[in-house]
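K.L.:
My questions will all concern the structure given below.
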């Protein structure tokens, strides 16, 4: 019953006397309309508070189960992908008799495998349980990483790196999709920051671990120290891959009773519906077509491409770049740590503010401009301090872009299959350009590496420039929907009826800018 009609529906008995001056009923058993309104408002407020409290506890449970597991997985993936740069300073090239562009080709072939398996991997998450797919691929990439310790020549290194790239698609592109099953749009960036921020921890930890291994295990058991580096970083990956079958949850609808109560499970499903996660785990070809024909997905992929080409070179060549500033091999390993620490803190701040303000493009632009400044310092710097500061700014201008851009892509897709394809499109396009990133820091350009720095600077400009253009189009489409359908209020069930057929053209859906 509407509170405005309460006064009209209350029937007063004949013996009730009303003091019209004070408008106070003399009969204590009959509530006044004003009191009923206040009581209902209080009850509504209490219900909202109770729902928020239930949701807060549920989020805490989801965070504790999902984020540590996925973050450690991505940390290990980043270690296994980037440790070849540390191994290079430990004598890998000499021991494997690499010549000419062999080392650069070993870097590039990783991304060839990564690109080939991007879309198939994301579609496998849709057809298999995520825990099974990630468990299988993680175990296999751990095997590939460990096997790099046994390589004897360039061909063996190429084969191991290619399959490492194939199997690492099981966590990198797939995890943002899995997180979107559990979190609302405004919650994604901070969660992706925790997940993807582990790559900065991997960079810092990898430098410290390489310093310890290369400094103390040379010749142990007859093996070169760089071989021990691959073994020590590969075996934990295999172990965690096997555990993933048990510890990693799949979808809200399939959550076990030991983890979520029936009430919590229902709330998780309702949260997914209110976040426009409307479809089932079945693969939908219509959504694939919708994703491929959406020009906004191609623009977002271009944003992501602008960060991945310099990121690929930064990860693999930072130890080499630092060494050319005048440091020894071991000193260079240690000095790779501060840029990653700076990037980690910057990532957390930017992603927190992005979620709080519900803005993506603004922070993508700010971060990528930080990277532009960093590469300017590296390009024109004439002293060690300024160039090292440039390396720190470059890291700060690259790593935060990963969660910001992926959350932007995920936020602006309605439907699991469409979201899966959009994420795979961005990753495929960007990782294709990552092949270029592995080839731009040539030995003959040392020690200044000006061509490489200039190319990376151009890519950072591409990122913030494309983000500006995309934001303009998204704002324009939101305004068009507001004009046609009105500004949407709080989302309830009627807003997402039919959403699986209309995708993000649904009247109740608005793009995150």
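Along the chain as shown, the residues are counted starting at 1.
Backbone N, Cα and C atoms are what each Cβ position is placed from, and that goes for glycine too.
Pulled from TrEMBL, these are the listed features:
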| type | residues | note |
| --- | --- | --- |
| DOMAIN | 66-479 | domain 'Major facilitator superfamily (MFS) profile' |
| TRANSMEM | 133-151 | transmembrane segment |
| TRANSMEM | 157-182 | transmembrane segment |
| TRANSMEM | 194-214 | transmembrane segment |
| TRANSMEM | 226-248 | transmembrane segment |
| TRANSMEM | 298-318 | transmembrane segment |
| TRANSMEM | 330-349 | transmembrane segment |
| TRANSMEM | 361-380 | transmembrane segment |
| TRANSMEM | 386-409 | transmembrane segment |
| TRANSMEM | 421-440 | transmembrane segment |
| TRANSMEM | 452-474 | transmembrane segment |
K.L.:
In the same chain, who gets a Cβ under 8 Å from the transmembrane segment (298-318) while lying at least 6 residues past its ends?
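P.N.:
For the transmembrane segment (298-318), the nonlocal Cβ contacts are 78, 81-82, 84-85, 107, 111, 203, 336, 339, 364, 368, 371, 375, 391, 394-395, 398-399, 401-402, 405-406, 408-409, 412, 422, 425-438, 440-441, 452, 455-456, 459-464, 466-467, 469-470, 473.
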K.L.:
Would you say the transmembrane segment (133-151) and the transmembrane segment (226-248) are touching, if the rule is that at least three C-beta pairs must lie under 8 angstroms and be 6 or more residues apart?
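P.N.:
Contact criterion met.
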K.L.:
Ranking 194-214, 330-349, 386-409, 421-440 by Cβ pairs under 8 Å to the transmembrane segment (157-182), which is first?
P.N.:
421-440
K.L.:
Residue list, the transmembrane segment (386-409) vs rest of chain: Cβ under 8 Å, 6 or more residues beyond ends.
P.N.:
176, 188-189, 192-193, 195-197, 199-200, 203, 297, 300, 303-304, 307, 310-311, 314, 318, 321-322, 325, 335, 338-340, 342-344, 346-347, 350-351, 354, 360-361, 363-364, 367-379, 419, 422-423, 426, 456, 460, 463, 512
K.L.:
Return the average pLDDT for the domain 'Major facilitator superfamily (MFS) profile' (66-479) as a whole number.
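P.N.:
Summing pLDDT over the domain 'Major facilitator superfamily (MFS) profile' (66-479) and dividing by its length gives 89.
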